[in-house]
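What follows is a set of notes on a single structure, which appears directly below.
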Amino acid sequence: MTHKTLYDKIWDAHLAHENAETGEALIFIDLHLIHEVTTPQAFAGLKAAGRKVRRPDLTLATADHNTPTENQAAGLEGVRDIEAKTQLEMLSKNVKEHGIEFYPMGHINNGIVHVVGPEQGRTQPGMTIVCGDSHTSTHGAFGALAHGIGTSEVEHVLATQTLRARKMKNMAVKVSGQFQDGVGAKDLALHLISIIGTAGGTGCVIEFMGEAIESLSMEARMTLCNLAIEGGARAGLIAPDQITFDYVQGRPAAPKAGAWETALAYWKTLYSDADAHWDKVVEIRAEDVEPTVTWGTSPEQALPISAKAPVLADIKDSIKRSAAERALQYMGIEEGQALKDLKIDRVFIGSCTNSRIEDFRAAADIVKGKKVAAHVRAMAVPGSGLVRAQAEEEGLDEIFTEAGFEWREPGCSMCLGMNPDTLAPQERCASTSNRNFEGRQGRGGRTHLVSPVLAAKAAIAGVLGG
Ligand SMILES: CC(C)[C@H](C(=O)O)[C@@H](O)C(=O)O
Ligand code: SF4
C-alpha cells in the first residue's frame, strides 16, 4: 500500500536520476510534441552541437500557430507573413532531416498540437508529455504528467529524451455534485481561477477529482486541464477511468491486441491513494458554478454572465482594484455595467481549449435554425482536420454556415495574433480560447473568455449574454 498521489506515481516511474541534496532530477519523457514557433532555435542548437534527435519515434510535429485558416490548399505560398512562413518552412525541413512524424498544414491529421496528440492516441495515461507550449497541460486529462517547456529545454529533450526537472507540489481541486444544465468544464475552470487567482496553483500540479469531474467527457476534461495553466499550475491531472480508456482504445497509436491488456492493467493503478498527502486542497460544489465569463484582461477577472462588472470602490485589495480599473478601461466597460448587455462584434469558437467535436456539437445545438446577429462576425475553427471532417460528416458545418458563421480550416487561429485571424482595435469578442491579456487576439482587441455554449448564444443575440 502506497501513500502517493497520481503525480507522485508518474514522477517516480519516470525518474532517471535525482540529486537528493539539490532536488534536481532527470526524468524520462515519453512523448515530445513540437510545433513551428518554439523549435527553430532548438534544432539550430542541436545542429551546432552536431547532435541528432535521440528518439524521433517519441516526437510528433504539427504546424498550428502560424497557419492561415482559409485556403490552406495554396500551401506555404499562401502564408504572407515572412516570419510565420520561415518558421513553417524550418519545421518542415527539420522534421525531414531528423525523421520525425509531421502533420503539415493541409494534412488531414494536422491541427493544434493539443488536439492532435490525443486524437491520434499518442497521448496515453501515465505518460510524461512535454511541448514548447504552455497549454501542454491539456494532456493531463488522460492522467499523463504533461506540461510546457522552454525552447532550451526543447533542445535538451530532442537531444536526450529526458528533462531536467524538480518535483512540484500536489494540489487537489475537489468538485462535488453535478453541474447545472448548460454549465461545464469551461465555466468550472474560469470559476476556479476567479477564486484561486492566476497564481493560485503556482509550483503545483493540480489534480481534479470528485463526482463532477468523473462525469465529464474526455473533451471536457481536456478543456479543464488546458486551463490549469491559467490558474498558475504547470500541469493539470485527472485520474484515468473507463471514459479515458474508451476514448484511447482503437486510436491509431493506441496499444493494440495483447499490449492493450498490459497497458490497461498499468493504467488502472494510476490514481491518488486515499491517504496521499496534499500540499493544498480547494473544494468546489458543481451546483455553485454558473455560466461564467471574463470581464477583464486576466483569466481571474471572471464572473457569472448574470453579474455586473465590478464597482471599484467595492474592491478592498488596492492592487486588485488598480488592476480592475485598468482592465475596465481597456475593455471599454463601465463599473457596474451588466455583463450580459455588452454588445459584441466578433465570436470565435476554437483554440486548444474548445475546438473538439463536442464543442462544435454544443454550439451547433444552439445555433441551429438561427442567424448570427447582423453586426457580428462569427468564426468556427476546428482544432484539427479530423475534427473538421467529423463535424462535416455530422452536418455541423452547414448549421454554422447557414447561420452566418465562417467555417474555417484548422489552426490556433484567433486564439492569438500570430496568423491572419485577429481582432481590430476595440473590437469586442466572445471567445472560447484561454487567454484574455491585452492585445492577445490583436492589438487593442477586447476578449471575453466563454464556453462554446455562451459563444454560440452571444453570436445569435449580438450581446455577451445571449
Ligand atoms: C507560442 C507558444 C509558445 C504559446 C504558449 O506557450 O502557450 C502559445 O501557444 C500561447 O497560447 O500563448
Ligand atoms: S490554440 Fe491558443 S493556447 Fe492553444 S496552443 Fe494555440 S495559441 Fe496556444
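From the backbone N, Cα and C atoms, a Cβ is placed for every residue, glycine too.
In TrEMBL, annotation is done automatically, which means it is predicted and not curated.
Non-local neighbourhood of Cys412 ([4Fe-4S] cluster binding site): Asp64, His65, Thr67, Ile112, Gly350, Ser351, Cys352, Met418, Asn419, each in the same chain, at least six residues away, with C-beta under 8 Å from its C-beta. In the three-state DSSP scheme, Cys412 ([4Fe-4S] cluster binding site) falls into the coil class. Positions annotated as [4Fe-4S] cluster binding site by TrEMBL: Cys352, Cys412, Cys415.
Cys352 ([4Fe-4S] cluster binding site) counts 26 other C-beta atoms within 10 Å of its own C-beta, drawing on all protein chains shown. Compute the center of the Cβ atoms of Cys352, Cys412, Cys415, which mark the site for [4Fe-4S] cluster; besides them, the chain residues with Cβ within 8 Å of that center are Asp64, His65, Ile112, His114, His135, Gly350, Ser351, Thr353, Ser355, Gly383, Gly411, Ser413, Leu416, Ser433, Asn434. The local packing around Cys415 ([4Fe-4S] cluster binding site), expressed as other Cβ atoms within 10 Å of its Cβ over all shown chains, amounts to 29.
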